[in-house]
Amino acid sequence: MHILYFFTFFQSILSVQIPLSKFKVLKSMDAFKLSNYGNVQYYGPIQMGTPNQQLSVIFDTGSPYLWVPSDKCTLLKCHLSKRFYTQKSTTYKNYSQSDEIEYASGSCKGFWGSDYVQLLGDSNTRVLTNILFTYYDSGFDAVQSDGLLGLSNEKEIDNIFDLAYKEGNIKSNLFAMELKSKEEQSLFYYDEIPNEIMNNVEWVRVLRNDYWTVKVLSISVNGQFIKAGKYKEALIDSGTSLLYLPEKVVLSIFEELILSNCRLLDGNMFCPCSIPKSEVDNYPKIAMFLEGIILELDITDYMILDFSFQGMCYIGIEVESQMNLMIFGDIVMRKYVIVFDKQNNKIGFKGVEKLTNIKTTAIFWIEIFGFGAIIISCLLLQMKLMKL
């Protein structure tokens, strides 16, 4: 999980209003509503302890742990947000074990314990689980939620939906996320995911037993394939706001953007906030080829309108240099409804284009021999058709 370290740059030049409205009734027959802060953070309310105490958490598919600030936290941020008061819960248990969780751009320190947790208003998800009760964190000042709910593919750690499923309280431990821009409601599906979603997803195998990683066959910018080098995997991470790609790919995108009236400011790319629909095609189109599907983005997908400077809006694409894998954060996840199947180690994408066998073959040759392979593939295909 990347915790928005680009906020450090923006805090001095941007004005983003923090929503002050309280959470409404959030559980419907189909989904749980998530709050959206600036199209870069998606979080929702949970209840903890006995009696219940309400806090908010980011729903993070990039990490496995649940943590919330405790009443032992003395940071200013803790006094401005909600904390969990351990002494007020009759079901709280302290393990007397300190620990620190490190993320790509921050960390938190606390002590392990356990208590009951559930989504706000849904007792079917009420389970006893391990929690890190924090007393210190760094790098989370811009985060609007109180804590974080880990939903990674870690097989050794059960999230609250795994536990509720094992206890027979819900019918499935599958979950799905439908992240939207601020104008639309973002949804988190669990238990019984609507057939309208399940019947229209394309499944992709997950490569690891800890993270939601998928194989990336290739990437193209405006139809030109770019070698990603050692980067062959991508993490599907709702706790990361941006799209992190190999340096060569990012440079290619930025070169195209500069030709389209965009400009760099302190290493960050900005483009005009108001782009007529008729001019969208003048900006780079990015295609990410996975096993069996293609994920496609245009300027309306990777521009973050809430972060602007003098009429120019931030482009949410950065170079990934820490994890040796690409990270498909909220920039990508807003484009598709994504289903996470931990039991069968796969991810489903709704609304994607299928990758045909012919396209897969062409990508294979391009990755090995470069663009000359396109001509070879076309000649081989033509010879095959002539024989028919």
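In case you wondered, yes, glycine gets a Cβ from its N, Cα and C as well.
Just so you know, TrEMBL annotations are computer predictions that nobody has curated.
Copied over from TrEMBL, here are the features:
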type	residues	note
SIGNAL	1-15	signal peptide
DOMAIN	42-350	domain 'Peptidase A1'
ACT_SITE	ASP60	active site
DISULFID	CYS73-CYS78	disulfide bond
ACT_SITE	ASP237	active site
TRANSMEM	362-381	transmembrane segment
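Between CYS73 (disulfide bond) and ASP60 (active site), the C-alpha separation comes to 22 Å. Sequence-distant neighbours of CYS78 (disulfide bond) (same chain, 6+ apart, CB under 8 A from its CB) are PRO69. Spacing of ASP237 (active site) relative to ASP60 (active site) is 7 Å (Cα to Cα, whole number). The average pLDDT the prediction assigns to the domain 'Peptidase A1' (42-350) is 95. Using a 10 Å Cβ-Cβ cutoff, CYS73 (disulfide bond) registers 22 neighbours. CYS78 (disulfide bond) falls within a helix when secondary structure is assigned with DSSP.
Just so you know, the Cβ of ASP60 (active site) picks up 24 other Cβ atoms within 10 Å once every protein chain is counted.
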